[in-house]
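Chemist: One structure, as structure tokens, below. Some questions next.
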Amino acid sequence: MGMSKSYGCFGYPLSIFFIVVNEFCERFSYYGMRALLILYFRRFIGWDDNLSTAIYHTFVALCYLTPILGALIADSWLGKFKTIVSLSIVYTIGQAVTAVSSINDLTDYNKDGTPDNLSVHVALSMIGLALIALGTGGIKPCVSAFGGDQFEEGQEKQRNRFFSIFYLAINAGSLISTIVTPMLRVHECGIYSQKACYPLAFGVPAALMAVSLIVFVIGSGMYKKFQPQGNVMGKVVKCIGFALKNRFRHRSKQFPKREHWLDWAKEKYDERLISQIKMVTKVMFLYIPLPMFWALFDQQGSRWTLQATAMSGKIGLLEVQPDQMQTVNAILIVVMVPIMDAVVYPLIAKCGFNFTSLKRMTVGMFLASMAFVMAAIVQLEIDKTLPVFPKQNEVQIKVLNIGNGAMNVSFPGAVVTVSQMSQSDGFMTFDVDKLTSINISSTGSPVIPVTYNFEQGHRHTLLVWAPNNYRVVKDGLNQKPEKGENGIRFINSLNESLNITMGDKVYVNVTSHNASEYQFFSLGTKNITISSTQQISQNCTKVLQSSNLEFGSAYTYVIGTQSTGCPELHMFEDISPNTVNMALQIPQYFLITCGEVVFSVTGLEFSYSQAPSNMKSVLQAGWLLTVAVGNIIVLIVAGAGQFSEQWAEYILFAALLLVVCVIFAIMARFYTYVNPAEIEAQFDDDEKKNLEKMNVYSTVTPVSQTQM
């Protein structure tokens, strides 16, 4: 029996307030952390796109495998309340460890702004994520069921409304966290150097998880807490195992066949349990194709976020971060669920179309497939604008003439003529082994060979200002600038060292005819102040303005002098800004969200309606398992494919889901809907009749024999 004090508010148990707040905070914590994860792997730890995607989906798969463990612990050992509290503690510790792992200064022993022992950060990250997966997955099947336990008989209406509020809390937590945590990430923090503030962005979700735990424990005295009733899932597994073994033992032709393979369990298990398991396995069979949907759906947080990093986030007056695009899904879900229930489905019914649950799920798969076709189209547009960076056995070189006369630079197979204060036409790519000689010449001057050990896999700028005066500068950018920022470096063509301030950042002691390192800036124009002790006249304006910076570009500013002796800026583009707008992702998010509404929500309703009353948790665990398998599919396909073009991977996933969609439609065509309540009622009637017969026999007085 459940034990609690009787508290109520507007006909609802007061205890559900604590459960709803707990769920909101927990979902904020989970989705806030998850929104950052792919960029944390890519930019902080430094993994490439494929490895980052693989680890991300491994983590998500674990989060959906551990609910089975949570259900087992709750049903057969601790009960729901103690399971939620215990695993929430594990969850909170995991979030805290992940936040600590992202502290840049933790291993920055030489204080240069870069972690000196990445393995420490990786190890802490993996420990933290493992604890989070155990915590979030373990409590997943318990919290909503624990909320449902708080209602009395006759409160079905309030219970149904509770689940609607509960679902709203999930989406509200997801929506707010995916807006807030990327905003925290773009701030800069650190002791020795200012870097993207992952500790704050991970720390806030960790704090919210602690709040979630505290709120849940505060309501302890108001909850109905039921003792574990035994492990239904264990009974199901044992019954299926016995049926298979018994069938194998009686496989010879001398034993008559039985109508269903589960009927081979009748020697040990009662017909009611066998009938219930038949209903469950019938639905589980339909689950087989479902993981393919989740394989596509969960790439919103990995591949689609990485896609957004190469796009422009300027949408009207808004500046959208790549990981904030995931909020489109949460916003559309909150809007579309009531629209589908109140408008779309009733209209379809009025048109006389029997839009069954399985038909809806088929449509959901098709829409998700089309979402990935849209993603591929967007990717093709992005690819047209992306710079090509050198491979491991290549180098890229461009020539920048900061002198007063034209210069000729000869490379193997090419001669480049660069006029004064201009650059060659972009970066030229050379195989390291074939880059045998580079020579500089100009009219009336001898040929001067360039001697420099070019580092393969990197870009280089060859600064020239006279035939015998040159400098090779290794560029520090081998990818688009992160977070949609803009990389800016300065080249000093004057004969003295300069200090340069741009916005709130300082370039200290940029020596003569040399380049600074890149520093990164947000959108807009910035003031540039040049400090000099000799060459620049005091009468000159030393505050200049940059160009209007956009998303994801890189520029070199060469500081020269006008005829008046005053400084002037010459701007050269190193990496062009992102031109494909993130708004182009909205159609693919719209399609995937439509697919989610008609697939996921309908799938849960279908599973609930087709499951026996005591086995709904078994089907819930099976449903969550399809999500885990879907993420494993991403690992297999992405790992085996190794596509050179991302759009091709999107098309592959779309094609796979389309094939699965057809298979599922055929399976659904032959599925017969059942009413578990009617079947169980029939068993109840049969048991009642048998009991009545037994009572009749027990009331007959036996005839006693007289002893002679």
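Just so it is clear, glycine is given a Cβ too, placed from its N, Cα and C backbone atoms.
Swiss-Prot lists Asn50, Asn117, Asn408, Asn439, Asn495, Asn499, Asn509, Asn514, Asn527, Asn539 with the feature N-linked glycosylation site, giving sequence analysis as the kind of evidence. What Swiss-Prot lists as region 'Extracellular domain (ECD)' is 383-585, and the listing cites similarity to another entry. The feature topological domain 'Extracellular' is assigned by Swiss-Prot to 22-53, 104-118, 183-198, 298-327, 383-584, 641-645. Among the features that Swiss-Prot reports, topological domain 'Cytoplasmic' is placed at 75-82, 140-161, 220-276, 349-361, 606-619, 667-708, with the record citing sequence analysis. Under the heading transmembrane segment, Swiss-Prot lists 1-21, 54-74, 83-103, 119-139, 162-182, 199-219, 277-297, 328-348, 362-382, 585-605, 620-640, 646-666, citing sequence analysis as support.
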Chemist: If you measure C-alpha to C-alpha, which of Asn408, Asn509, Asn539 (glycosylation sites) come within 10 angstroms of Asn439 (N-linked glycosylation site)?
Modeler: Asn408
Chemist: Take the Cβ of Asn514 (N-linked glycosylation site) and count every other Cβ within 10 Å, whichever protein chain it belongs to.
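Modeler: By my count, 15.
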Chemist: DSSP on Asn50 (N-linked glycosylation site), three-state: which is it?
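Modeler: Assignment for Asn50 (N-linked glycosylation site) reads helix.
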Chemist: Verify whether three or more Cβ pairs under 8 angstroms connect the transmembrane segment (328-348) with the transmembrane segment (162-182), leaving out any pair fewer than 6 apart in sequence.
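Modeler: Answer yes, regions in contact.
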Chemist: Does the transmembrane segment (362-382) come near the transmembrane segment (54-74), with 3+ Cβ pairs under 8 Å (pairs 6 or more apart)?
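Modeler: These two segments do not touch.
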Chemist: Find, among the glycosylation sites listed as Asn50, Asn539, the one whose Cβ has the highest number of other Cβ atoms within 10 Å in the structure shown.
Modeler: Asn50
Chemist: Once the chains shown are all counted, how many other Cβ atoms turn up within 10 Å of the Cβ of Asn499 (N-linked glycosylation site)?
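Modeler: Counting Cβ neighbours of Asn499 (N-linked glycosylation site) within 10 Å gives 14.
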Chemist: Using a 10 Å radius around each Cβ and all protein chains in view, which of these glycosylation sites has the most neighbours: Asn117, Asn439, Asn509, Asn527?
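Modeler: Highest number of other Cβ atoms within 10 Å: Asn439.
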Chemist: Need one number: mean pLDDT over the topological domain 'Cytoplasmic' (220-276).
Modeler: 84
Chemist: Checking the contact step here: among the glycosylation sites Asn117, Asn408, Asn499, Asn527, which have a Cα within 10 Å of the Cα of Asn509 (N-linked glycosylation site)?
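Modeler: Those near Asn509 (N-linked glycosylation site) - Cα within 10 Å - are Asn499, in sequence order.
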Chemist: Roughly how many angstrom lie between the C-alpha atoms of Asn495 (N-linked glycosylation site) and Asn408 (N-linked glycosylation site)?
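Modeler: The separation of the Cα atoms works out to 23 Å.
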Chemist: With Cβ-Cβ distances below 8 Å as the criterion, list the same-chain residues six or more beyond the ends of the transmembrane segment (119-139) that contact it, or say none.
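Modeler: Contacts of the transmembrane segment (119-139) (Cβ under 8 Å, skipping residues fewer than 6 from its ends): 26, 30, 33, 40, 44-45, 59, 62-67, 69-70, 73, 83-84, 87-102, 106-107, 624.
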Chemist: Fewest other C-beta atoms within 10 angstroms of its own C-beta: which of the glycosylation sites Asn408, Asn495 fits that?
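Modeler: It is Asn495 that, of the glycosylation sites Asn408, Asn495, has the fewest other Cβ atoms within 10 Å.
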Chemist: Using the alpha carbons only, what distance in Å do you get between Asn117 (N-linked glycosylation site) and Asn408 (N-linked glycosylation site) once rounded?
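Modeler: One finds 45 Å between the Cα atoms of these residues.
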